[in-house]
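**Q** Annotations for this protein, taken from Swiss-Prot, read as follows:
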type	residues	note
DOMAIN	351-455	domain 'Cadherin 4'
DOMAIN	456-565	domain 'Cadherin 5'
CARBOHYD	257	N-linked glycosylation site
CARBOHYD	265	N-linked glycosylation site
CARBOHYD	386	N-linked glycosylation site
CARBOHYD	548	N-linked glycosylation site
REGION	799-894	region '4 X 4 AA repeats of P-X-X-P'
REGION	830-950	region 'Disordered'
REPEAT	891-894	repeat 'PXXP 4'
TOPO_DOM	719-950	topological domain 'Cytoplasmic'
């Protein structure tokens, strides 16, 4: 059979009415249950399966289910036992509100066949809601003038329950003024009100606090409470009142205008405008009262508005009204009696006359400064006046007669300590209480020229480089004068003196106002190393006062002098030195010596010598000592050497920049028989050396004796002149001379007599002779002792090997014509803050560069005008404690003495040792080496041909 879609739709439409008809027949029955609200979960409601006639076994197969229009989760059926129970909390007020009937409608549906059952579950009300007022507190405003039995409506409470649970009864807390009025209106609701039982008085009780309680009819009873705040409103039923009906006030006659006489205070028990009080004079008050007094309407303060006078009126009677601002206004009254008291109302008067200002600081004690008069208009004790002065001042008051005083000087004045005094004169009368008056007086102290200008320190040390531009500023002196005005106006001037043959003002100028010191011309260190002078500072007072300050201007050396070659011993062409040298001369022999001097000092005068060898010669046979200038052979001369050599020696100082000079030495190689000088050098150490030196030593002895005699005569003459000459300002002191020594490492030590007189500007410079003190322990050198005197002694006093040859420099003669000064040696040490020049040192461990060459100078600047030691090769030995250092300097002469200790096995040649007036003739020894080696000789000191330079 084939069905079309239209056939299927027709059959479905026919089946639906049949099902609805069957369901209507089955569900025609209805069940009713009841359950209290707020029942717990699982509370039994009813056996719904049994009541519907269903078997428990068919509940699940027939798909037993339950539906509700309300919340479906409130009730549930247990399919195992068919019991309907409470599934969740049921709140009747939430479910049905305030409705009298409240039920839950359920539809129970089962299939096979389809059946629908209607079940109504009634929710019973329980008393679970207390009465509630709309607010926690109610405010009630009542005027105190309301009559008793007046009713004021109140807001009632409400209860969410129904039935007897919502029936409310009200109760008011106990009060003598209020009761509760309850009425039932047309809709059976209770209308409550507050009943006034007794008249109110705001001044006694401005507010009342009541409690209204509502109770429902449930079991158990539930209550609700609201607080009633009753505020009593004021009415103007009280007049202002004063504490007293009459007040008495005493006031002095000299009270100022605006002085408070009394402050009245009236009170009104009312509030607001009813209690606001204004004060005023009564209409019956006399005009005299209004002229002398006034009253503040708001505060009730009575003040003085006119001058009171005890002699005119001593009592005032004032009527006062206090009125509130109520309706109608009410007033209170009082009387104020003002009694005027007599008073010491006249302050002493002070008059200053005959002022003698300012006061000289040298004024005598008792000098009258001012006259003071006092006056008091009062009489009796009120008119008796005493005067006093500011304490701790050098003045006092002296009473001349009644009410007249003199201000006089009581102690010495010092304007520099206190330039002005502010005095306060106090006049006090004898009243009770007493009155006083003060007068200020400014006393200035006139300055007197009692303070000389003072410098910060008595001596200044200034360092100026030589060759300064003319007029350059070198220093500024400043003196302070404690005085004032013209007495403190300081002017500066130079204390004139002679500097050698010239006036000090030709060197130095001082600006009179600023104190700036200027060098008027370039200073020359070689001419003037120290310029010591004084600057005077004087004020403009009458008479003027002054003081001096000493300035020590040290002229610092600059390298402005190039080395100068000394005149050659034998004239040659073009200024060159010609030397004849035998070809048989061995290696290391001195053939010539270049001598040069440098007028500078320190490093600027430290000379070094360099030989410029020709470019064509690979084995040049000559060399020059770096610091000695001695030209010696480097090897044995042979026939291959050129017969003539032109040697160019470059002499250079150590300044910045270095300055140089060039010396030319012409060396001619000749046979031994053709050169006497060369043969004499070559014959040193031959069979008869003593015979070759006999004639030379004779001349040396004669020359030394002559020089010694001249020295003794000079010393005697100088001593006589110094003893007979009167002392002059700035003369040199006769302190012990200073011997300056260098230690083994080149440091300098000085004797206790640190400074000698530096005669810069004290007569002709460099004219004093300095003797060397032999008592100085650091430098145990004894001049003028006998032969074989050991110059170097150690702590054990063991004899040491004699010194090598001493050679008397040819240029020392120039130094003998001048005095020996510390400043000439370049080692001057000034006073506080003065210079301390230290020169480069050479360690005793430094290996010597070549034979016969003097090591670099240790100490001051060096030139050939010096004592010179000549020695053979070998390293210097460091001296032990108490021994004489390797090098020392004779102060006052640009000289260096080098003492070298030869090795034990070294060959030593000895020459003459020249001292001041004594001579030790040493012998020369010769040692020959085996083989065909050339015999080497080491010469200490100058050759005998050099004695002519002495």
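A Cβ is built for glycine as well, from the same backbone N, Cα and C atoms used for every other residue.
Mind running through what each feature is packed against?
**A** When pLDDT values are averaged over the domain 'Cadherin 4' (351-455), the model yields 89.
The Cβ of residue 257 (N-linked glycosylation site) lies under 8 Å from the Cβ of 303, 304, 305, 306, 307, each of these being in the same chain and 6 or more residues away along the sequence. According to DSSP, residue 257 (N-linked glycosylation site) is assigned to coil rather than to any helix or strand.
Using a 10 Å radius centred on the Cβ of residue 265 (N-linked glycosylation site) and all shown protein chains, the other Cβ atoms total 13. Under the three-state DSSP scheme, residue 265 (N-linked glycosylation site) falls in the coil class.
Sequence-distant neighbours of residue 386 (N-linked glycosylation site) (same chain, 6+ residues apart, CB-CB distance under 8 A): 427, 428, 430.
A strand conformation is recorded for residue 548 (N-linked glycosylation site) in the three-state DSSP classification. Taking the Cβ of residue 548 (N-linked glycosylation site) as centre and 10 Å as the limit, one finds 17 other Cβ atoms among all the protein chains shown.
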**Q** Do you know offhand how many angstrom separate residue 265 (N-linked glycosylation site) and residue 548 (N-linked glycosylation site) by C-alpha?
**A** 85
**Q** Translate the DSSP assignment of residue 386 (N-linked glycosylation site) into the three-state scheme.
**A** strand
